[in-house]
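A short worksheet on the structure shown next.
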Amino acid sequence: MSLTVAEWFAFFYLSQVAFILFPPAIGSLLFFLGFAGRFLGSVVLGYFGDRFGTRASLVVTVLTLVSSSLVVSLVPSTPLVAVFRVIQGFSLGGEWGGASVALSEAFSSSRFRVFLLSFIQLAVPIALILSTGAVLFLSSRHFEDWNYALLLVVLLSLLSIPLIKAPSRGGREGYNLASALKEWKGILHAVGIKVSESANFYIFTSFVFSFAAASVSSDVLASVLTQLVTMPLFGYLANQVGRKEVGLLGIALFVVGAALLEGRLLLPGELVLSLSDSALYSPQSSILVDLFKGEYKHTNVNLSYQLASVLGGSLPPLVLSFTGYPIVYVVLPYALITALSFLKVKG
């Protein structure tokens with residue numbers, strides 16, 4: 001999990017710092033470059049995993065993340081930060097799917113497989129808590145030496161190398177993206193599973209700051225902290241009761257939480273959306289891995305995840321910001337798509 005925490009920490013930390021240290025236009029560009037890198041990495045590193053094996057793919061993500069983090073921590077110029085943002089997004093785009101496939105292979109015979117795979121999802125709240133803590137600490141120092149926080153990324157990444165136990169065997173030699181996309185039905189299903197959770201996450205951790213309430217930072221932090229408990233709890237429930245049932249509960253909570261936020265009930269809305277995110281995210285790793293049985297598992301798991309992240313993570317906050325539509329109106333189409341997708345989930 002240390003590599004996944006390192007990836008998400010780098011992504012969240014630079015997202016937060018970009019809007020503080022740079023002009024709005026550059027901050028927005030850096031934010032976008034991260035998502036562009038994630039999508040590119042999902043394709044390239046997905047290919048690498050299918051062609052050369054899971055371990056090889058994860059080692060490449062470590063090397064790209066460590067090298068780029070070291071450069072920026074030593075020479076934090078704006079052009080290098082932009083390049084680092086793309087490379088870090090690229091690395092993250094391939095890491096999540098590779099880690100999910102590796103854990104799925106490691107626990108393939110365990111009756112607690114769904115529960116165990118939910119622990120990889122804990123990396124997101126842990127990384128967000130660490131990055132927020134780093135930003136709060138650095139704010140008291142006027143963000144002097146902000147780049148040295150990236151050395152934590154280097155440390156966590158290097159610690160992960162001995163822990164990568166996935167098989168190193170390769171896949172088919174005649175790989176091409178067109179063949180991988182023949183599993184388009186599975187890709188659409190996976191995007192449907194993921195897209196509401198992405199919308200939920202970026203609404204309750206990012207868009208909510210537009211409310212300009214004095215308590216918003218503490219409310220967001222409290223909501224994320226609860227996920228350290230609720231995410232493995234929902235992972236266990238998904239293992240025992242069913243992934244479909246937990247996912248549908250998450251969708252219901254998503255709509256309720258959006259309605260609470262619309263009524264400016266900030267803390268209750270944040271807590272309900274946090275619960276929803278945990279219910280939707282905890283079984284996600286096992287569901288996406290199970291949707292693809294062929295030799296293009298890495299590519300399609302990564303591609304589906306990152307495509308849904310772009311569609312769910314970037315669009316709702318933009319629509320809400322520029323149109324002023326009620327939050328529930330924007331949330332309902334996403335909720336419907338994901339509910340229909342969960343109805344097709346087995347087990």
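Keep in mind that glycine also has a Cβ here, set from the backbone N, Cα and C atoms.
Summarising the annotation, TrEMBL assigns domain 'Major facilitator superfamily (MFS) profile' to 1-347.
Taken from TrEMBL, the feature transmembrane segment covers 12-35 (among others).
As annotated by TrEMBL, transmembrane segment applies to 56-76 (among others). Sequence-distant contacts of the transmembrane segment (56-76), counting only residues of its own chain at least 6 positions beyond either end whose CB sits under 8 Å from a CB of the stretch, comprise 3, 6-7, 10, 45-46, 48-49, 83-84, 87-88, 90-92, 94-95, 98-99, 102, 146-148, 150-151, 153-154, 157-158, 160-161, 164, 166, 168, 170, 298.
Residues annotated as transmembrane segment in TrEMBL: 115-140 (among others). Here the transmembrane segment (115-140) has Cβ contacts under 8 Å with residues 1, 4-9, 11-13, 16-17, 20, 96, 99-100, 103-104, 107, 146, 149, 152, 201, 205, 221, 224-225, 227-228, 231-232, 234-236, 238-239, 281-286, 289 of the same chain, all six or more residues outside its ends.
Among the features that TrEMBL reports, transmembrane segment is placed at 146-166 (among others).
Annotation source TrEMBL lists transmembrane segment at 187-214 (among others).
Feature annotation from TrEMBL assigns transmembrane segment to 246-267 (among others). Listed by sequence, the residues of this chain that lie at least six past the ends of the transmembrane segment (246-267) yet keep a Cβ under 8 A from its Cβ atoms are 193, 196-197, 200, 203-204, 208, 211, 213, 215-216, 219, 222, 234, 237-238, 273, 275-280, 282-283, 287, 326-328, 331-332, 334-335, 338-339, 342-343, 345.
The transmembrane segment annotation in TrEMBL covers 324-343 (among others).
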